[in-house]
């Protein structure tokens, strides 16, 4: 197979453009030339301005100082972040944070030991034990949540018929040991007592959509 040099290839393309495809519109050589890129063509000669710009970028680090100038300009602009933990952003009423067990205003715990939350939990993080009381009602004797298993899906809160188990607004509950993340009933009730005002406000704000 004979290799065509660049001049020969250009002449062949020009002849094909003048002849045109059968029954079709003829192609202009300029359009053909613009369509193809010839890898063996030499780069066009650079003028003095291009040489000067390239030398300035290489020797004077103009791009570096341009980037530093942009960085320094942000020192005089309004910050886009907040000064956490001294400042905190707003949370959605549907925010799913640390778990809590709620009480009625009388002080009676809401949980009726139906175990729907335990059954629906996809991570199997909830363990409940219950026994009947003298009045025939059921109350939990054990309510444990392994917070290291929890995926914060909110299914337990959605399944609860009495709004007993909720995921409250608190997200700052980091610990130093694994045992501190094994919540029992007392810990969950204490969380509910601590965050009841915020939890009730969030439920009230979201009740139309539940």
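Just so it is clear, glycine is given a Cβ too, placed from its N, Cα and C backbone atoms.
Pulled from Swiss-Prot:
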BINDING   111, 114, 117, 121  [4Fe-4S] cluster 1 binding site
BINDING   150, 153, 156, 160  [4Fe-4S] cluster 2 binding site
DOMAIN    102-131  domain '4Fe-4S ferredoxin-type 1'
DOMAIN    141-170  domain '4Fe-4S ferredoxin-type 2'
TRANSIT   1-34  transit peptide
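Note: the CA-CA distance between residue 114 ([4Fe-4S] cluster 1 binding site) and residue 153 ([4Fe-4S] cluster 2 binding site) rounds to 19 Å. Between the C-alpha atoms of residue 156 ([4Fe-4S] cluster 2 binding site) and residue 117 ([4Fe-4S] cluster 1 binding site), the distance comes to 4 Å. In the predicted structure, the domain '4Fe-4S ferredoxin-type 2' (141-170) carries a mean pLDDT of 97. Rounded to the nearest whole angstrom, the C-alpha distance between residue 153 ([4Fe-4S] cluster 2 binding site) and residue 111 ([4Fe-4S] cluster 1 binding site) is 20.
In the three-state DSSP assignment, the secondary structure recorded for residue 111 ([4Fe-4S] cluster 1 binding site) is coil. The Cβ of residue 160 ([4Fe-4S] cluster 2 binding site) lies under 8 Å from the Cβ of 116, 117, 166, each of which sits 6+ residues away along the same chain.
Calculated from their C-alpha atoms, the gap between residue 150 ([4Fe-4S] cluster 2 binding site) and residue 111 ([4Fe-4S] cluster 1 binding site) amounts to 19 Å. Annotated [4Fe-4S] cluster 1 site 111, 114, 117, 121; additional same-chain residues within 8 Å of its Cβ mean position, judged by their own Cβ, are 113, 115, 116, 118, 119, 120, 126, 128, 156, 159, 160, 164, 165. Cβ environment of residue 111 ([4Fe-4S] cluster 1 binding site): 101, 139, 140, 143, 162, 164, 165 lie under 8 Å away, each six or more residues apart in the same chain. Figure note: comparing Cβ neighbours within 10 Å for the binding-site residues 117, 153, the maximum is reached by 117.
Other residues of the chain with a Cβ within 8 Å of the Cβ centroid of 150, 153, 156, 160, the [4Fe-4S] cluster 2 site, are 99, 117, 120, 121, 125, 126, 152, 154, 155, 157, 158, 159, 165, 167.
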